[in-house]
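*Asks:* Pasting the feature list from TrEMBL:
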- 49-59: compositional bias 'Acidic residues' (COMPBIAS)
- 101-273: domain 'Yip1' (DOMAIN)
- 29-62: region 'Disordered' (REGION)
- 120-141: transmembrane segment (TRANSMEM)
- 161-185: transmembrane segment (TRANSMEM)
- 197-222: transmembrane segment (TRANSMEM)
- 228-250: transmembrane segment (TRANSMEM)
- 257-281: transmembrane segment (TRANSMEM)
Amino acid sequence: MAAADDLKFQEFDDAANLLAANPDATTISIDEPVEIPKNQQSRLQEPGREEDDELLGTDDSDKTELLAGQKKSAPFWTFEYYQTFFDVDTYQVLDRIKGSVFPVPGKNFVRLYIRSNPDLYGPFWICATLVFTIAVSGNLSNFFIHLGKPTYHYVPEFRKVSIAATTIYAYAWLVPLALWGFLMWRNSKVMNIVSYSFLEIVCVYGYSLFIYIPTAILWIIPQKVVRWVLVVFSLCLSGSVLVMTFWPAVRDDNRRIALATVGTILLLHALLAVGCLAYFFDAPELDFPPPIIPAHNGTTVTTKSH
C-alpha cells in the first residue's frame, strides 16, 4: 500500500514551499479571469480610439464579419445569392428611411442601420419611386405653368421617365462604385482608412435619396423661391447623412484629400438635385406659334397673341 506522502502532487509541495518563503506573494487561480489594472488598461487604449470605434463601428463590424464568415454563401449564379440582398423586412426599411430623413448628429448611418444587414430592396424601390415622381411632377409642373394659355396644348412627355431613370440609377450605382474604388485605393496607401463595402455604400446612397421624393412632389408649386428653399433643405438633410457616414472613414487621410473627397460627394449630390429641378421643373417659356384662323374668302388670317 502506497504511503500518504506518495499521493501528494509535487506541484502543490512547490507552491507550499514558495508561500512559506514569501507569505506576501499573490496567487492566481486559473478559474478566475486576470484583471488588468485600470491605469494599465487606459494606457493600452489610444486616446480618441473609442470615438473612432463608435463612428466607424469597428467593434460591431468585426463581430459581424466573423459571424458572416461562418455562414455558407451561395454561388453568385444562383437565385439564393441575390435573395440575400433583399432579405429585409418592412420595419427595417422604415427605420432606415427614418434615419435618412432625420439624421442623428455624430452618428454613423452605416453602423446604426445598415452594417448588420445591408440591402438593395430599399434603394431599388426608392430610386424607382423617385424616377416616376420626378417624371410625373415635372409634367404636372409644365402643365400648371402654361395653364390658361389658349395656344398651349398639353402633351405628356413620356421621355422624361427614361431620362429620369437613367440619371437616378446612374447616380445611385456609378457614384458609389467610384467612391468604393477610391476608398479601397486609399486604404492601400493609408492603413488607418476604413473602407466600406460596395453594398453598404450603395445602401447609403439609395436611402439618402428618399428625401427627394416628397421634395419632387412639392416642386409642382410654381414658385421658384419655394423650389429653391426645398432644394437647400433637402440637400442639408441628405448631405449630412453622407458626410457623417464617409467623413470618419477619410479623416485620417491627408487633410486636403479628405476635404476634397467630402466636397466631391456633396458637389455631385447637389448637381443631381439642381439638375433635376432645372431640367424637369424650371422649363423655359415656350414660344407658341400664333393660331391661324381661316377667312371666308379662302385666305388665312394670322392673329398675334400677346
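Note that the numbers count up from 1, one per residue, in the order the chain is shown.
Each Cβ is built from the backbone N, Cα and C atoms, and glycine gets one as well.
Values in this document were obtained by computation on a predicted structure and should not be read as measured data.
I would like each feature placed in context: is it buried or exposed, what are its neighbours, and how far apart are things?
*Replies:* Taking Cβ pairs closer than 8 Å, the transmembrane segment (161-185) reaches residues 123, 127, 130-132, 134-135, 138, 193, 195-198, 201-202, 204-206, 209, 246, 249-250, 261, 265, 268, 272, 275-276, 279-280 in its own chain, all 6 or more past its ends.
Proximity of distant same-chain residues to the transmembrane segment (197-222), defined by a Cβ-Cβ separation under 8 Å and at least 6 residues beyond the stretch ends, is recorded for 85, 96-97, 99-101, 109-110, 113-115, 118-120, 122-124, 126-127, 129-130, 133-134, 137, 140-141, 144-145, 168, 171-173, 175-177, 179-180, 230-231, 233-234, 237-238, 241-242, 245, 269, 273, 276-277, 281.
Same-chain residues lying 6 or more positions outside the transmembrane segment (257-281) and placing a CB less than 8 Å from one of its CB atoms are 134-135, 137-138, 141, 160, 163-164, 167-168, 171, 175, 179, 182, 186, 208, 212, 216, 219, 227-228, 231, 234-235, 238-239, 242-243, 246-247, 250-251.
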*Asks:* If we skip the immediate neighbours and take only residues 6+ beyond the ends of the transmembrane segment (120-141), which ones have a Cβ under 8 Å from one of its Cβ atoms?
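*Replies:* Cβ under 8 Å, 6 or more out: 85-86, 88, 93, 96-97, 156-157, 160-161, 164-165, 168-169, 172, 199, 202-203, 205-207, 209-210, 212-213, 216-217, 219-220, 222, 276, 279-281, 283.
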*Asks:* Same chain, outside the transmembrane segment (228-250) by at least 6, Cβ under 8 Å from its Cβ: which residues?
*Replies:* 52, 55-56, 99-101, 103, 105-110, 179, 183, 186, 193-196, 204-205, 207-209, 211-212, 215, 218-219, 257-258, 261-262, 265-266, 269-270, 273-274, 277
